[in-house]
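Engineer: The structure is given below, and queries will be raised subsequently.
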Amino acid sequence: MNIAKLPLKNIISYKKRTIGLILILVILTMSLFGGSIFIKSLNNGLDSLNERLGADIIVLPKDAESEVDLQNLLLQGTPGYFYMDKSILNDLESIEGVDRISAQYFLVSANADCCSVKVQIIGFDEETDFTIKPWLNESYQGVLKDDEIIVGSMLSTKVGHTLKLYGKEFLVVGKLEKTGTGLDTAVYTTGDTVKTLIEAAEDKGISILSKQSPDDVISSVYIDVKDGYDIDTIVSDINLNNSEVKAVRARTMMTSTSDRLGIISSAISFFVKIIWAFAAIILIAAFYIITGERKKEFAALRVIGVSRKKLGVLVMSEAIIIGIIGSVFGIIITGAFMYSFSVLIGTRLDLPYLLPGVVTTTYYILVTFISVVLLGTISGLISAYRAVSVDTARILRE
Amino acid sequence: MNYLKKNFVKFIELVLSLILAIGSFTVFAACPLSEEHVMACHYAQLVVTTLGVILVVQSLAAVIISNEKVKLGITLAQIPTAVAVFLVPGTIFSLCMMSSMRCISIFQPAVRVISAIVFVVSVADVVISFIKKNKQGVSK
């Protein structure tokens, strides 16, 4: 018999033992890899949302619900609409310290032909916009013409294709980068196209959740503050001088989300550590007990001339092979689940959720694989030490 | 008990096929039918359910039939069926246009994960059958 093949033969022959050990390692891998990907996705989502807001200050109508509505739109993609008089834009422009300023108009569609759900339509000013077009996924240098739209990444239509809203075809000229937020499900277009949409809806007799024209009202104003000016002072200034609107720092608006995310991340990290501690103890104990039960087998191997060193290597090899199988299975299962159901996870969480890219994922795969195999190796090392310490003569006498 | 042990992989295939066939119109069904219009994903769901039922029949036949060659043939036939199921949502049949909708967020990943497992299990079953057959040939 070829001694080198013995570890593999042992693994195949003792099925129950092997499956038990592999299961522990799969759980370890899933907790480490899944936990890492999950936490990274939450952090990516929040970073992406902060970047995508792209403004220092957001100005909304003063009614209590508008801020909640905007947060729901950003975090969950729940379509919302609220309006304030467009004249506020002139007042805000004249404030000292305002660098860039751009208004947006929110419209909620009835059911689009594509989907059985409502679609958020965001009308923006092409000349002043600094929050939408920088995030176009494919280079689009042109100016949006009538009946042209830009879509969020979660709309599966492609650039150059058309999207039918209220029986009217709109040409998709750009697609935004994925953000992991509610902004991914929106349709972006100019005020003129928004008016066309409202008219098309009325022609079809479909009730649309706004009768107000973008010529008269706006939903939100995004302000970028010049360097050297205090953002909080400008926020206070806007709130003091304009009773009908409410200015909020973009960062402040995301504080509660950031806090929730921090709590979830800490809880997951804690559970991953607990699972690892318990699983590591169980794994080491399992290998130790199994080695104890295999004393006769080791003694027999020593009798047929297998050296102590070779015996140690055999036991170690078994542990490493099991570690490799367990970590590979764990990574495949976790990866398949996390990546296939990422949209569902993000939707259920009500938090920005953006999976890491290929490089970061590869890094996590490698770290998980090395960690799990290393733990298997350490368990094997302890078992190997016990195996080579076997008093062959005594065991055989027993 | 021995029968269950002997046909263990076939029973796994049967359970997976049942999950696929029943789940495709219950637990992980595509978007609900709207009164206004039937969406594209509805047809994808019908095809997945049909192929799921075919997989159930194939798996059941493989469990019942005792002839090893016929068993192998049925398992071989399950492989392209599993591939077809995998390709139905999103590739052969287009789904709704928003990724957050049920057909893309639940139906498609669930169907793909289960059909991928059926594919892997069927391939493994075929490989194991060939290895066993070769071993028997050598021992004879």
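Just so it is clear, glycine is given a Cβ too, placed from its N, Cα and C backbone atoms.
I grabbed these lines from TrEMBL:
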- A:21-238: domain 'MacB-like periplasmic core' (DOMAIN)
- A:270-389: domain 'ABC3 transporter permease C-terminal' (DOMAIN)
- A:21-39: transmembrane segment (TRANSMEM)
- A:270-290: transmembrane segment (TRANSMEM)
- A:311-341: transmembrane segment (TRANSMEM)
- A:361-388: transmembrane segment (TRANSMEM)
Engineer: Under 8 angstroms, Cβ to Cβ: which one of A:21-39, A:270-290, A:361-388 has the largest number of such pairs with the transmembrane segment (A:311-341)?
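Structural biologist: By Cβ pairs under 8 Å, A:361-388 leads among A:21-39, A:270-290, A:361-388.
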Engineer: When DSSP states are grouped into helix, strand and coil, how many residues of the domain 'ABC3 transporter permease C-terminal' (A:270-389) land in each?
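Structural biologist: For that range the per-state counts are 105 helix, 0 strand, 15 coil.
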Engineer: Please give the sequence-distant neighbours of the transmembrane segment (A:270-290): residues at least 6 beyond its ends with Cβ less than 8 Å from one of its Cβ atoms.
Structural biologist: 17, 20-21, 24-25, 27-28, 31-32, 35-36, 319, 375-376, 378-380, 382-383, 386
Engineer: Do you know the mean pLDDT across the domain 'MacB-like periplasmic core' (A:21-238)?
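Structural biologist: Here the mean pLDDT over the domain 'MacB-like periplasmic core' (A:21-238) amounts to 82.
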